[in-house]
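To start, the structure under review is shown below, and the notes come after it.
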Amino acid sequence: MKNVIGLILAGGQGTRLGVLTEKIPKPAVQFGGKYRIIDFTLSNCVNSGIYRIGVLTQYRPHLLNKHIGIGKPWDLDRKGGGVTILQPYSTLTESVWYKGTADAVYQNIEFVDEYNPEYIVVLSGDHIYSMDYSEFVYYHISKGALATIACMEVPITEAHRFGIMVTDIENKIIEFQEKPKNPKSNLASLGIYVFTWNFIKEVLIEDSKDNSSDHDFGKNIIPKILSTGKVYAYPFEGYWQDVGTIQSYWETNLELVRPIPPFNLHDPNWRFYTRSEEMNPAYISENGNVRNSIISEGCEIYGSVENSVISQGVFIDEGAIVKNSVIMTKVEVGKNVIIEDAIIAENTIIKDGCKIGVGHFAESKYDKKVYNSPITVVGMDSIVEENCKIGKNVVIGNDKIVSANTVIDSGGYLI
(Lines of atoms letter the chains of each structure in order from A and count residues from 1; the text may use other names and numbers.)
(Lines give C-alpha, C1' and ligand atoms only; values in the text may rest on other atoms or scores of the structure.)
Protein backbone atom coordinates (compact mmCIF):
# COMPACT_ATOMS: atom_id res chain seq x y z
CA MET A 1 0.00 0.00 0.00
CA LYS A 2 2.35 2.68 -1.29
CA ASN A 3 -0.14 5.50 -0.81
CA VAL A 4 -0.65 4.78 2.92
CA ILE A 5 1.36 5.73 6.03
CA GLY A 6 0.80 4.06 9.40
CA LEU A 7 1.12 6.13 12.58
CA ILE A 8 1.13 4.15 15.84
CA LEU A 9 0.33 6.06 19.03
CA ALA A 10 2.56 4.41 21.62
CA GLY A 11 3.19 7.09 24.22
CA GLY A 12 0.58 6.18 26.82
CA GLN A 13 1.42 5.13 30.35
CA GLY A 14 -1.58 2.90 30.95
CA THR A 15 -2.09 3.96 34.57
CA ARG A 16 -4.81 1.34 35.18
CA LEU A 17 -2.11 -1.35 34.92
CA GLY A 18 -0.53 -0.02 38.09
CA VAL A 19 3.04 -1.13 38.80
CA LEU A 20 3.24 -2.94 35.45
CA THR A 21 3.58 0.44 33.71
CA GLU A 22 5.52 2.46 36.28
CA LYS A 23 8.83 1.76 34.53
CA ILE A 24 7.67 1.13 30.97
CA PRO A 25 4.80 2.32 28.72
CA LYS A 26 1.77 0.11 28.19
CA PRO A 27 2.74 -0.85 24.59
CA ALA A 28 5.99 -2.33 25.99
CA VAL A 29 4.29 -4.62 28.52
CA GLN A 30 4.86 -8.31 27.81
CA PHE A 31 2.00 -10.46 26.54
CA GLY A 32 1.44 -14.06 25.53
CA GLY A 33 4.77 -15.51 26.61
CA LYS A 34 7.13 -13.80 24.15
CA TYR A 35 5.54 -10.65 22.76
CA ARG A 36 5.14 -7.04 23.80
CA ILE A 37 1.75 -5.43 23.24
CA ILE A 38 2.93 -3.16 20.40
CA ASP A 39 4.02 -6.22 18.40
CA PHE A 40 0.43 -6.90 17.37
CA THR A 41 -0.12 -3.48 15.79
CA LEU A 42 3.29 -3.57 14.07
CA SER A 43 2.58 -7.06 12.75
CA ASN A 44 -0.87 -6.01 11.53
CA CYS A 45 0.80 -3.22 9.56
CA VAL A 46 3.28 -5.42 7.71
CA ASN A 47 0.71 -8.18 7.17
CA SER A 48 -1.52 -5.50 5.61
CA GLY A 49 1.24 -4.30 3.28
CA ILE A 50 1.98 -1.07 5.18
CA TYR A 51 5.76 -0.65 5.34
CA ARG A 52 6.05 3.06 6.09
CA ILE A 53 5.35 3.47 9.77
CA GLY A 54 5.93 6.11 12.42
CA VAL A 55 5.80 5.08 16.08
CA LEU A 56 4.93 8.06 18.29
CA THR A 57 6.47 7.46 21.72
CA GLN A 58 6.51 9.63 24.82
CA TYR A 59 6.27 8.09 28.31
CA ARG A 60 9.47 6.25 29.37
CA PRO A 61 10.31 5.35 25.75
CA HIS A 62 13.74 3.72 26.19
CA LEU A 63 12.66 0.06 26.33
CA LEU A 64 10.14 0.53 23.52
CA ASN A 65 12.73 2.27 21.32
CA LYS A 66 15.22 -0.55 21.99
CA HIS A 67 12.60 -3.21 21.27
CA ILE A 68 11.59 -1.74 17.91
CA GLY A 69 15.06 -0.60 16.83
CA ILE A 70 15.27 -0.45 13.03
CA GLY A 71 12.35 -2.86 12.74
CA LYS A 72 14.20 -5.95 11.53
CA PRO A 73 11.89 -8.57 13.15
CA TRP A 74 8.98 -7.03 11.23
CA ASP A 75 10.92 -6.73 7.94
CA LEU A 76 10.92 -2.95 8.36
CA ASP A 77 14.69 -2.42 8.01
CA ARG A 78 14.35 -1.19 4.46
CA LYS A 79 15.15 1.80 2.28
CA GLY A 80 12.35 4.08 1.16
CA GLY A 81 10.22 3.29 4.18
CA GLY A 82 10.53 1.17 7.29
CA VAL A 83 9.83 2.27 10.85
CA THR A 84 10.75 5.58 12.47
CA ILE A 85 10.54 6.40 16.18
CA LEU A 86 8.93 9.82 16.61
CA GLN A 87 9.33 11.49 20.01
CA PRO A 88 8.29 15.02 21.03
CA TYR A 89 11.03 17.50 20.23
CA SER A 90 12.02 21.04 21.08
CA THR A 91 11.55 24.02 18.79
CA LEU A 92 12.92 27.54 19.08
CA THR A 93 9.82 28.59 20.99
CA GLU A 94 8.75 25.60 23.07
CA SER A 95 9.55 22.12 24.34
CA VAL A 96 6.45 20.13 25.23
CA TRP A 97 5.06 16.61 25.33
CA TYR A 98 2.33 15.67 22.91
CA LYS A 99 -0.77 17.44 24.21
CA GLY A 100 -3.15 14.79 22.89
CA THR A 101 -3.57 12.18 20.19
CA ALA A 102 -4.31 14.76 17.50
CA ASP A 103 -1.39 16.94 18.57
CA ALA A 104 0.93 13.92 18.31
CA VAL A 105 0.03 13.58 14.64
CA TYR A 106 0.13 17.35 14.10
CA GLN A 107 3.69 17.55 15.45
CA ASN A 108 4.75 14.96 12.87
CA ILE A 109 3.17 16.48 9.76
CA GLU A 110 6.62 16.94 8.22
CA PHE A 111 7.36 13.23 8.62
CA VAL A 112 4.13 12.27 6.86
CA ASP A 113 4.61 14.83 4.11
CA GLU A 114 7.99 13.32 3.22
CA TYR A 115 6.09 10.33 1.80
CA ASN A 116 3.22 12.34 0.28
CA PRO A 117 0.55 9.71 1.09
CA GLU A 118 -3.09 9.84 0.08
CA TYR A 119 -4.19 8.23 3.33
CA ILE A 120 -2.93 7.75 6.87
CA VAL A 121 -3.93 4.99 9.27
CA VAL A 122 -3.76 6.16 12.90
CA LEU A 123 -3.43 3.23 15.26
CA SER A 124 -3.19 2.56 18.97
CA GLY A 125 -0.13 0.60 20.05
CA ASP A 126 -1.66 -0.85 23.19
CA HIS A 127 -4.41 -3.23 22.07
CA ILE A 128 -4.43 -6.97 21.36
CA TYR A 129 -6.06 -7.76 18.01
CA SER A 130 -5.53 -8.74 14.40
CA MET A 131 -6.89 -6.57 11.61
CA ASP A 132 -6.22 -6.30 7.90
CA TYR A 133 -5.78 -2.55 7.50
CA SER A 134 -5.85 -2.86 3.70
CA GLU A 135 -9.53 -3.85 3.90
CA PHE A 136 -10.08 -0.90 6.23
CA VAL A 137 -8.48 1.52 3.74
CA TYR A 138 -10.40 0.08 0.78
CA TYR A 139 -13.64 0.50 2.73
CA HIS A 140 -12.71 4.15 3.40
CA ILE A 141 -12.10 4.70 -0.31
CA SER A 142 -15.30 2.93 -1.37
CA LYS A 143 -17.35 5.23 0.87
CA GLY A 144 -15.70 8.37 -0.47
CA ALA A 145 -14.94 9.12 3.17
CA LEU A 146 -12.68 11.77 4.64
CA ALA A 147 -12.45 9.87 7.93
CA THR A 148 -13.35 6.32 8.91
CA ILE A 149 -13.38 4.88 12.43
CA ALA A 150 -13.10 1.18 13.26
CA CYS A 151 -15.80 0.21 15.74
CA MET A 152 -17.48 -2.71 17.42
CA GLU A 153 -20.45 -3.29 19.69
CA VAL A 154 -19.69 -3.45 23.40
CA PRO A 155 -21.94 -4.20 26.40
CA ILE A 156 -23.99 -1.09 27.13
CA THR A 157 -22.70 -1.18 30.71
CA GLU A 158 -19.17 -0.66 29.33
CA ALA A 159 -20.07 1.96 26.73
CA HIS A 160 -19.19 4.90 28.99
CA ARG A 161 -15.51 3.92 28.70
CA PHE A 162 -15.42 4.47 24.92
CA GLY A 163 -16.10 6.98 22.21
CA ILE A 164 -19.66 6.08 21.19
CA MET A 165 -21.21 6.70 17.79
CA VAL A 166 -24.65 6.73 16.24
CA THR A 167 -24.80 5.78 12.55
CA ASP A 168 -27.32 5.70 9.73
CA ILE A 169 -28.12 2.70 7.53
CA GLU A 170 -25.00 3.30 5.41
CA ASN A 171 -22.70 3.48 8.47
CA LYS A 172 -22.31 7.22 8.17
CA ILE A 173 -21.64 8.64 11.64
CA ILE A 174 -24.28 11.19 12.54
CA GLU A 175 -23.39 11.62 16.21
CA PHE A 176 -20.27 10.97 18.29
CA GLN A 177 -19.93 11.08 22.10
CA GLU A 178 -16.56 10.71 23.84
CA LYS A 179 -16.98 8.55 26.97
CA PRO A 180 -20.58 9.65 27.66
CA LYS A 181 -22.27 9.19 31.03
CA ASN A 182 -25.50 8.25 29.24
CA PRO A 183 -24.50 6.59 25.94
CA LYS A 184 -26.99 6.67 23.07
CA SER A 185 -25.68 3.41 21.58
CA ASN A 186 -23.20 0.64 22.25
CA LEU A 187 -21.21 1.12 19.02
CA ALA A 188 -17.73 1.92 20.31
CA SER A 189 -14.72 3.46 18.64
CA LEU A 190 -11.59 1.30 18.78
CA GLY A 191 -9.32 4.32 18.41
CA ILE A 192 -8.28 3.12 14.95
CA TYR A 193 -8.73 5.60 12.11
CA VAL A 194 -8.23 6.08 8.38
CA PHE A 195 -7.98 9.69 7.22
CA THR A 196 -7.59 11.27 3.82
CA TRP A 197 -4.31 13.04 4.45
CA ASN A 198 -4.81 16.39 2.71
CA PHE A 199 -8.10 16.82 4.56
CA ILE A 200 -7.01 15.84 8.06
CA LYS A 201 -3.76 17.78 7.75
CA GLU A 202 -5.68 21.05 7.43
CA VAL A 203 -7.99 20.09 10.30
CA LEU A 204 -4.99 19.40 12.55
CA ILE A 205 -3.34 22.70 11.66
CA GLU A 206 -6.55 24.55 12.52
CA ASP A 207 -6.96 22.61 15.78
CA SER A 208 -3.40 23.44 16.84
CA LYS A 209 -4.37 27.12 16.94
CA ASP A 210 -7.37 26.50 19.22
CA ASN A 211 -6.27 27.07 22.82
CA SER A 212 -9.55 25.67 24.13
CA SER A 213 -8.98 22.29 22.44
CA ASP A 214 -7.59 19.18 24.13
CA HIS A 215 -6.08 18.29 20.72
CA ASP A 216 -7.61 14.83 20.93
CA PHE A 217 -9.20 12.86 18.10
CA GLY A 218 -12.12 11.57 20.17
CA LYS A 219 -12.87 14.74 22.12
CA ASN A 220 -12.24 17.37 19.46
CA ILE A 221 -11.41 16.26 15.93
CA ILE A 222 -14.13 13.68 15.24
CA PRO A 223 -17.03 15.84 16.56
CA LYS A 224 -15.67 18.78 14.57
CA ILE A 225 -15.55 16.98 11.21
CA LEU A 226 -18.95 15.24 11.40
CA SER A 227 -20.45 18.25 9.63
CA THR A 228 -18.65 17.23 6.42
CA GLY A 229 -21.04 14.29 6.11
CA LYS A 230 -18.10 12.09 5.12
CA VAL A 231 -17.19 10.37 8.38
CA TYR A 232 -17.99 6.64 8.44
CA ALA A 233 -17.92 3.72 10.85
CA TYR A 234 -16.09 0.52 9.90
CA PRO A 235 -17.70 -2.40 11.76
CA PHE A 236 -14.99 -4.75 12.99
CA GLU A 237 -16.10 -8.28 13.84
CA GLY A 238 -12.76 -9.81 14.80
CA TYR A 239 -11.04 -10.17 18.15
CA TRP A 240 -10.02 -6.98 19.97
CA GLN A 241 -9.05 -6.39 23.60
CA ASP A 242 -7.88 -3.24 25.35
CA VAL A 243 -6.02 -5.06 28.21
CA GLY A 244 -6.11 -1.75 30.05
CA THR A 245 -6.76 -3.12 33.54
CA ILE A 246 -5.08 -5.73 35.73
CA GLN A 247 -8.12 -8.01 35.41
CA SER A 248 -8.44 -7.72 31.61
CA TYR A 249 -4.69 -8.14 31.09
CA TRP A 250 -4.67 -11.33 33.18
CA GLU A 251 -7.85 -12.71 31.58
CA THR A 252 -6.69 -12.00 28.02
CA ASN A 253 -3.41 -13.81 28.63
CA LEU A 254 -5.15 -16.83 30.12
CA GLU A 255 -7.62 -16.97 27.21
CA LEU A 256 -4.62 -18.08 25.14
CA VAL A 257 -4.51 -21.45 26.94
CA ARG A 258 -8.15 -22.36 26.33
CA PRO A 259 -8.69 -25.47 24.15
CA ILE A 260 -9.91 -23.15 21.40
CA PRO A 261 -8.53 -19.68 22.20
CA PRO A 262 -10.54 -16.70 20.92
CA PHE A 263 -7.29 -15.07 19.75
CA ASN A 264 -5.06 -17.23 17.56
CA LEU A 265 -1.32 -16.68 17.95
CA HIS A 266 -0.59 -19.55 15.56
CA ASP A 267 -2.34 -18.53 12.32
CA PRO A 268 0.22 -19.25 9.55
CA ASN A 269 -1.49 -16.70 7.31
CA TRP A 270 -1.28 -13.88 9.86
CA ARG A 271 1.91 -14.19 11.83
CA PHE A 272 2.90 -12.01 14.76
CA TYR A 273 6.52 -10.92 14.95
CA THR A 274 8.66 -9.72 17.82
CA ARG A 275 12.20 -9.03 18.90
CA SER A 276 13.21 -11.62 21.45
CA GLU A 277 16.40 -13.02 22.87
CA GLU A 278 17.66 -16.26 21.33
CA MET A 279 17.27 -18.98 23.97
CA ASN A 280 17.55 -22.74 24.21
CA PRO A 281 14.41 -24.86 23.88
CA ALA A 282 12.23 -25.16 26.95
CA TYR A 283 13.01 -28.07 29.28
CA ILE A 284 10.53 -29.95 31.45
CA SER A 285 12.14 -32.36 33.91
CA GLU A 286 11.09 -35.90 34.72
CA ASN A 287 9.20 -34.65 37.75
CA GLY A 288 7.97 -31.49 36.05
CA ASN A 289 4.28 -31.33 35.25
CA VAL A 290 2.68 -28.93 32.78
CA ARG A 291 -1.03 -28.77 32.01
CA ASN A 292 -2.88 -26.39 29.72
CA SER A 293 -0.15 -23.74 29.65
CA ILE A 294 2.17 -21.77 27.38
CA ILE A 295 5.82 -22.54 28.10
CA SER A 296 8.22 -20.27 26.21
CA GLU A 297 11.81 -20.73 25.05
CA GLY A 298 14.54 -20.95 27.65
CA CYS A 299 12.26 -22.13 30.47
CA GLU A 300 13.24 -24.84 32.92
CA ILE A 301 10.30 -26.49 34.65
CA TYR A 302 10.98 -28.81 37.59
CA GLY A 303 7.70 -28.12 39.40
CA SER A 304 4.05 -27.97 38.30
CA VAL A 305 2.41 -25.43 36.00
CA GLU A 306 -1.32 -25.31 35.30
CA ASN A 307 -3.43 -22.92 33.23
CA SER A 308 -0.67 -20.30 33.05
CA VAL A 309 1.42 -18.28 30.61
CA ILE A 310 5.14 -18.68 31.26
CA SER A 311 7.42 -16.26 29.40
CA GLN A 312 10.96 -16.79 28.16
CA GLY A 313 13.78 -17.83 30.47
CA VAL A 314 11.65 -18.63 33.52
CA PHE A 315 12.99 -21.12 36.09
CA ILE A 316 10.49 -23.03 38.24
CA ASP A 317 12.12 -25.25 40.85
CA GLU A 318 11.11 -28.60 42.37
CA GLY A 319 7.91 -28.73 44.36
CA ALA A 320 6.72 -25.34 43.10
CA ILE A 321 3.11 -24.98 41.91
CA VAL A 322 2.07 -22.21 39.53
CA LYS A 323 -1.66 -21.94 38.70
CA ASN A 324 -3.77 -19.40 36.80
CA SER A 325 -0.87 -16.96 36.55
CA VAL A 326 1.16 -14.85 34.13
CA ILE A 327 4.90 -15.15 34.72
CA MET A 328 7.06 -12.73 32.73
CA THR A 329 10.59 -13.08 31.38
CA LYS A 330 13.47 -14.40 33.51
CA VAL A 331 11.49 -14.85 36.71
CA GLU A 332 12.95 -17.37 39.17
CA VAL A 333 10.55 -19.44 41.27
CA GLY A 334 12.13 -21.35 44.15
CA LYS A 335 11.44 -24.73 45.71
CA ASN A 336 7.97 -25.44 47.13
CA VAL A 337 6.62 -22.03 46.12
CA ILE A 338 2.88 -21.70 45.49
CA ILE A 339 1.72 -18.99 43.06
CA GLU A 340 -1.96 -18.69 42.21
CA ASP A 341 -3.99 -15.96 40.42
CA ALA A 342 -0.96 -13.72 40.05
CA ILE A 343 1.07 -11.61 37.64
CA ILE A 344 4.82 -11.72 38.29
CA ALA A 345 6.72 -9.09 36.28
CA GLU A 346 10.13 -9.39 34.61
CA ASN A 347 13.37 -10.37 36.38
CA THR A 348 11.73 -11.01 39.75
CA ILE A 349 12.91 -13.70 42.16
CA ILE A 350 10.50 -15.65 44.36
CA LYS A 351 12.56 -17.65 46.86
CA ASP A 352 11.87 -21.03 48.47
CA GLY A 353 8.69 -21.68 50.41
CA CYS A 354 6.76 -18.54 49.45
CA LYS A 355 3.00 -18.55 48.96
CA ILE A 356 1.60 -15.86 46.64
CA GLY A 357 -2.07 -15.27 45.86
CA VAL A 358 -3.43 -17.41 48.69
CA GLY A 359 -6.43 -16.85 50.94
CA HIS A 360 -9.59 -14.89 50.20
CA PHE A 361 -10.17 -11.65 48.29
CA ALA A 362 -10.14 -8.37 50.20
CA GLU A 363 -10.44 -4.78 48.97
CA SER A 364 -7.18 -3.01 48.24
CA LYS A 365 -5.83 -0.79 50.97
CA TYR A 366 -3.66 0.95 48.37
CA ASP A 367 -5.73 1.84 45.29
CA LYS A 368 -9.22 0.38 44.84
CA LYS A 369 -9.59 1.79 41.32
CA VAL A 370 -6.55 -0.09 39.97
CA TYR A 371 -6.40 -3.14 42.22
CA ASN A 372 -9.94 -4.45 42.39
CA SER A 373 -9.72 -8.15 41.52
CA PRO A 374 -8.31 -11.29 43.17
CA ILE A 375 -5.12 -10.91 41.11
CA THR A 376 -1.89 -10.33 43.04
CA VAL A 377 0.78 -8.33 41.20
CA VAL A 378 4.52 -8.37 41.88
CA GLY A 379 6.49 -5.68 40.03
CA MET A 380 9.65 -6.17 38.01
CA ASP A 381 13.18 -6.54 39.42
CA SER A 382 11.87 -7.44 42.88
CA ILE A 383 12.93 -10.13 45.33
CA VAL A 384 10.56 -12.00 47.63
CA GLU A 385 12.70 -13.71 50.25
CA GLU A 386 12.06 -17.16 51.74
CA ASN A 387 8.77 -18.30 53.29
CA CYS A 388 6.73 -15.14 52.68
CA LYS A 389 2.95 -15.42 52.62
CA ILE A 390 1.17 -12.97 50.32
CA GLY A 391 -2.61 -12.89 49.93
CA LYS A 392 -4.95 -12.05 47.06
CA ASN A 393 -5.28 -8.57 45.51
CA VAL A 394 -1.87 -7.60 46.87
CA VAL A 395 0.50 -5.28 45.01
CA ILE A 396 4.27 -5.29 45.45
CA GLY A 397 6.08 -2.52 43.62
CA ASN A 398 9.06 -2.61 41.28
CA ASP A 399 12.60 -2.98 42.68
CA LYS A 400 11.30 -4.09 46.08
CA ILE A 401 12.76 -6.59 48.54
CA VAL A 402 10.27 -8.46 50.71
CA SER A 403 12.06 -9.74 53.80
CA ALA A 404 11.94 -13.43 54.70
CA ASN A 405 8.83 -14.68 56.54
CA THR A 406 6.86 -11.51 55.76
CA VAL A 407 3.07 -11.84 55.74
CA ILE A 408 1.04 -9.46 53.55
CA ASP A 409 -2.68 -10.09 53.94
CA SER A 410 -5.14 -9.89 51.05
CA GLY A 411 -5.65 -6.31 49.91
CA GLY A 412 -2.26 -5.26 51.29
CA TYR A 413 0.68 -3.66 49.55
CA LEU A 414 4.39 -2.91 49.57
CA ILE A 415 5.14 0.11 47.38
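Using the three backbone atoms N, Cα and C, a Cβ is placed for every residue, glycine included.
According to Swiss-Prot, the features are:
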BINDING   TYR98, GLY163, GLU178, LYS179, SER189  alpha-D-glucose 1-phosphate binding site
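Structural mapping of features recorded in Swiss-Prot.
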| residue | record | DSSP (3 states) |
| --- | --- | --- |
| TYR98 | alpha-D-glucose 1-phosphate binding site | coil |
| GLY163 | alpha-D-glucose 1-phosphate binding site | strand |
| GLU178 | alpha-D-glucose 1-phosphate binding site | strand |
| SER189 | alpha-D-glucose 1-phosphate binding site | strand |
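Cβ-based neighbour count (10 Å, all protein chains) for GLU178 (alpha-D-glucose 1-phosphate binding site) stands at 16.
Put simply, the two farthest-apart Cα atoms among TYR98, GLY163, GLU178, LYS179, SER189, the recorded binders of alpha-D-glucose 1-phosphate, are 21 Å from each other.
Applying an 8 A CB threshold to same-chain residues 6+ apart, the list for SER189 (alpha-D-glucose 1-phosphate binding site) reads ILE149, ALA150, CYS151, PHE162, GLY163, ILE164, MET165, PHE176, GLY218, ILE222.
Around the Cβ of LYS179 (alpha-D-glucose 1-phosphate binding site), 13 further Cβ atoms fall within 10 Å across all displayed protein chains. Sequence-distant contacts of TYR98 (alpha-D-glucose 1-phosphate binding site), defined as residues of its own chain at least six apart whose C-beta falls under 8 angstroms from its C-beta, comprise GLY11, LEU56, GLN58, PRO88, ALA104, GLN107.
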